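To start, the structure under review is shown below, and the notes come after it.
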Amino acid sequence: MDFIIGGLAGVGATIITNPMDVVKTRLQLQGELKAKTEQSTRYRGIFHALYVIARADGALALQKGLAPAMLLGFTMNSVRLGMYHVAEVQGWTKTKDGEISVNRAIFWSSASGVLSGVAANPTFVLKTRIQAVAHPSIAVGRQHSYKGMFDGIATIYRNEGMRGFFAGVSATCTRLAIGSAAQLTTFSTVKEELRSRGYWENSPTMLAFVASLFSSVLCVVFETPLDVVNTRLYNQGSGSHGAVLYTGILDCITKIYKTEGFHGLYKGLGPLYLRIAPHTTLSLVIWDILNNMLIHKKL
């Protein structure tokens, strides 16, 4: 039940934040491996991207990749939040005195992040490629024409085999280990600190909301460079679609830094924050509410 609750929390948050994910993907692929002076700017920012996507492909295009994104939200968060909650309930994240141990919390949140990355990587690949597809006038990055989620699954398997579903898996696990450590450890620590000081004792939802705001900021700062790397590795596909641009995490980071500069590693920071902040807040608050409901039901 802990894992199902985590998955439902992720799905609920995904439905609301998916448009920002589409914008983030486009901004991260824009000007791929080109110096700033050589880049043609299709999207000039978050609001311009929302406008041109809706104008060129229709308003529904802002929800591109929603099906795999929801599957991703359930798969990733059921493992990540479910495993971390089990560690919390068993007391594995606390000291002998019952206080939060930062080191233990970091370990269990990172471990849950790595396992969720392996489980969810196929949906990451599928979601990114579907979100990247656009009208030629605003297209950026390599374009993969799938008729839908199931066609995408069949096409990837036919052209790239099982390996295609695990493109960028090492970067995924690294990003989720770091992101989960920043997100879940901060969430647990801040929530415990606020509770000990007597804040929102009678409002667990408000307590979870405030704690999640802190965790989302740290999450974005640490995650963005690896999120850019993930997007590039997911979208490049196999050599059959043209030259493979990146051979791995370090090669990708090096090439982005050399051609696009430090700014290239923080592309899509704005929409990533606008996606992660509400996604973190919604998923952690929903997760906290559902867990509290389950605890009261058991009592």
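The count begins at 1 with the first shown residue.
Positions of Cβ are set from backbone N, Cα and C atoms, glycine also.
Listed in TrEMBL for this protein:
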{"type": "REPEAT", "residues": "1-90", "note": "repeat 'Solcar'"}
{"type": "REPEAT", "residues": "104-193", "note": "repeat 'Solcar'"}
{"type": "REPEAT", "residues": "203-293", "note": "repeat 'Solcar'"}
PLDDT averaged over the residues of the repeat 'Solcar' (203-293): 84
DSSP residue counts for the repeat 'Solcar' (203-293), split into helix, strand and coil: 78 helix, 0 strand, 13 coil
